[in-house]
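Per TrEMBL, these features apply:
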TRANSMEM  30-51  transmembrane segment
DOMAIN    45-294  domain 'G-protein coupled receptors family 1 profile'
TRANSMEM  63-82  transmembrane segment
TRANSMEM  102-124  transmembrane segment
TRANSMEM  144-162  transmembrane segment
TRANSMEM  201-220  transmembrane segment
TRANSMEM  241-264  transmembrane segment
TRANSMEM  276-296  transmembrane segment
Amino acid sequence: MPQHKKPGNGTHISEFLLLGLSQEPELQPLIFGLFLSMYLISVLGNMLIILAVSSDSHLHTPMYFFLCNLSWVDICFTSTTIPKMLWNIQTWSKAITYEGCITQMYFFIVFGELDNLILTVMAYDRFVAICHPLHYLVIMNPRLCGLLVLVSWIISVLNSLLHTLVVLHLSFCSHLEIPHFFCEINQMVQLACTDIFLNNILMYSSAVLLCVGPLAGILYSYCKILSSIHRIASTQGKYKAFSTCASHLSVVSLFYSTVLGVYLSSTAFHSTHSSAIASVMYTVVTPMLNPFIYSLRNKDLKGALERFLG
């Protein structure tokens, strides 16, 4: 059983219990097989994107540079949660150590925010490519591309570090069951027996600045892109311009619709179980589908994959 303490005595709890997606024993083999399959597909698909782009000199452009970074982040994102979940199902255990839970929460926030910021950077890249095509290579030079990714990493790491430090100051007394398949920060904070006002302020302000802000940037970029496409005279030109950002638009729509779906489901139904099931969409399904969306809708990438696979 998890050990606990009274608040403020300077000791830490030893572990939390992750309740997972279902308490039914007969469903555990099905959940294990389903999540193992999705995890392997996600890792393999994103790794193929990285290898195909790296091996084809024609794809050494800003767009594919950002795509490689997105694929790498998606691999890390799913790897922070799914392996522990699979291990717990396999060992018939629900426990995760306090240190393990804090570590998982930290990296989940880092890679989740990186996904968000890199999608925003990719929207800016498409904005420059379509709205300023003659100056594209000058504006999106290697130095700027590297700087945009570096800044995304710095923001994500600092944001996650701030959240983690505030959670470390919380005291947990009893009822250490997390109704989720990973250490989701909001669920952890709700288990605290000390004041969580600062945590709530930080979570809401972070959501506004680092979620609503990038989404507004993406919407602004696509408003400008659609305006530029509308001014193109030929139908073929319009189709060609739109096709260069269709894959990214699909991924952005999938990512934000699933995140919004999780938020609405938890708000409307007030059910942590519904929220846990809905969160599977953006934590597992979206990273798994991204390689298929980009490879099926992009002739250059499809050709590079075919050449890479021989």
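Every residue gets a Cβ built from N, Cα and C, even glycine.
Non-local neighbours of the transmembrane segment (102-124) in the same chain are 63, 66-67, 69-70, 73-74, 76-77, 80-81, 84, 96, 148-149, 152-153, 155-157, 159-161, 163-164, 167-168, 182-185, 188, 210-211, 214-215, 217-218, 221-222, 248, 251-252, 255; each lies 6+ residues outside the stretch with a CB under 8 Å from one of its CB atoms. Averaged over the domain 'G-protein coupled receptors family 1 profile' (45-294), the predicted model has a pLDDT of 91. Sequence-distant contacts of the transmembrane segment (63-82) (same chain, six or more residues past either end, CB-CB distance under 8 Å): 35, 38-39, 42-43, 46-47, 49-50, 53-54, 104, 107-108, 111-112, 114-115, 118-119, 121-122, 125-126, 129, 145, 149, 181-182, 244, 251, 283-284, 286-288, 290-291, 294, 301.
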